[in-house]
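What follows is a single structure, written as structure tokens, with notes after it.
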Amino acid sequence: MAIVAGVDSSTQSCKVVVRDAETGALLRQGRAPHPDGTEVDPSAWWSALGAAVDAVGGLADVAAVSVAGQQHGMVCLDEAGDVVRPALLWNDTRSAGAAAELVEEAGGGEAGRRFWADAVGSVPVASFTVTKLRWLARHEPERAARVAAVCLPHDWLTWRLAGAPGLAALRTDRGDASGTGYWSPATGDYRLDLLEGAFGRRPHVPAVLGPAEPAGTVRPDALRGLPADGAVLGPGTGDNAAAALGVGAGPGDVVVSIGTSGTVFSVADAPAADPGGTVAGFADATGRFLPLVCTLNAARVLDAAAAMLRVDLDELARLALSAPAGADGLVMVPYLEGERTPDRPLASGAVHGLTLRTSTAAHLARAAVEGLLCALADGLDALTAQGAAVRRVILVGGGARSAAVRRIAPQVLGVPVVVPPPGEYVADGAARQAAWVALGGAAPPTWSVHGTEEYAAAPVPAIRQRYAAAREHFLDRVDAVAG
Ligand SMILES: Nc1ncnc2c1ncn2[C@@H]1O[C@H](COP(=O)(O)OP(=O)(O)O)[C@@H](O)[C@H]1O
Ligand SMILES: O=C(CO)[C@@H](O)[C@H](O)COP(=O)(O)O
């Protein structure tokens, strides 16, 4: 029996699953937390990976390991392979001005956005690595001068597992490369001219591997608990591409993930290029494509609402479900960390519609759940406008553990929602990729997900109508204040 491991190094924590390569049966799982903040020293991810490997009782028996990670994070290395500065994460908005500059330099407005969408499938926003490199070049020129290579969180962890064997050994995959802003999913090539345009020169970048191409072998002494004979390293991928692989998303499936980020995506046969910039035209982990919409505010909206109400997440769900659909007109616009979709990095959240009737904990809890789902419903609209077919939504991520999110989602999203049993679908996708690398073949092994629950409910259009009115009202105010 071949055994494989999958790692999910995401924003809030590192998760490791160990599974049977052929059947997908779960053998062991463990996790460890990541530090808070939008700027993180990669050594914290390495420590968390070590703790998560300890928590699964080690990986001595595994034949292959793949790492999936939060997308976009800028990891800069010097000639010796040391980290130049803490990584700037996908949700760090300090490079919003750099994103605007890059669009301006490409012609500005619609022409600038179209240029980027055609070149790399996506219009850069503050999340993208290319904008972080521009920010670094402008704001920290001494550190920028020391950068010999730039890579992403999953590339760096994979390289460390291989024993950090020199910059030339850095590897990435199509899925994560597509979130840099300097690799084209449509052509499969780097756009080093765009990297140079943003950063001023061309640091080394990882070689881009195909879906089941090995990235090397695990160095047994890189970390405690690794296989003594080494094990094959899969190419790894971004966390959303891994989730698509973990749930086995097929035609008509749209995956909605409620983690630190909210994401809405589907697997497509052709690359996307949305000049509006709402849909990012990423690549997936199977050789296809992954059009995706991402919000900055998702599960943490629930964390924040629970903290405001001084209740735990289960009580928040109970409160939300005890209030009427639409919360009697109480609306939360949940831009608590600024927002990426719509592209308003300076926005803040707002609550609209407070009356004596709606000034209850239950109404606020309901407004928080509905607000975060409305933001994702906007993303679903944008995805379908780009041609995605939606028969059902597959709901995953930590926020899917909320009974209120599960039950209110079909009312807001307007389609049936299926929820796989609570699990780590990003780590599972990485494990499935590792199994593909270990077993070979033209496609990943078929693993079944059992115990999926379906939630159906009549859509309540008034929820989205009131949200849309409040969103526009508050965006106008934010623009007025910022501008
Ligand atoms: N029962 C629950 N109800 C609502 N949210 C939950 C529940 N359990 C976990 N979460 C939330 O899930 C989030 C973490 O989700 P996860 O998908 O692991 O994030 P990430 O992959 O970005 O690190 C946390 O913000 C946490 O509060
Ligand atoms: O920026 C994106 C997608 O473009 C985010 O989805 C990150 O990949 C972080 O993911 P989570 O930690 O929320 O899973």
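Cβ coordinates come from backbone N, Cα and C, glycine included.
Because TrEMBL annotations are produced automatically, they should be read as predictions rather than curated entries.
The domain 'Carbohydrate kinase FGGY N-terminal' annotation in TrEMBL covers 4-246.
Look at TrEMBL and you will find Asp8 tagged as site 'Important for activity'. A simple way to gauge crowding: the CB of Asp8 (site 'Important for activity') has 29 other CB atoms within 10 angstroms, across all the protein chains here.
Shown in sequence order, Trp90, Ser127, Leu152, Asp176, Gly179, Gly238, Asp239, Asn240 are the residues of the chain, 6+ apart in sequence, with a C-beta less than 8 angstroms from the C-beta of Gln71 (substrate binding site). Marked as substrate binding site by TrEMBL: Gln71, His72.
Of all Cβ atoms in the shown protein chains, 31 besides its own fall within 10 Å of the Cβ of Asp239 (active site, proton acceptor). Taken from TrEMBL, the feature active site, proton acceptor applies to Asp239.
The feature domain 'Carbohydrate kinase FGGY C-terminal' is assigned by TrEMBL to 255-436.
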In sequence order, those recorded positions of Asp8, Gln71, His72, Asp239 whose CB lies under 6 Å from ligand 2: Gln71, His72, Asp239
Other C-beta atoms that fall within 10 angstroms of the C-beta of His72 (substrate binding site): 28
Local backbone state of His72 (substrate binding site), from DSSP in three classes: coil
Residue pair His72 (substrate binding site), Asp8 (site 'Important for activity') - Cα distance, angstrom, rounded: 15
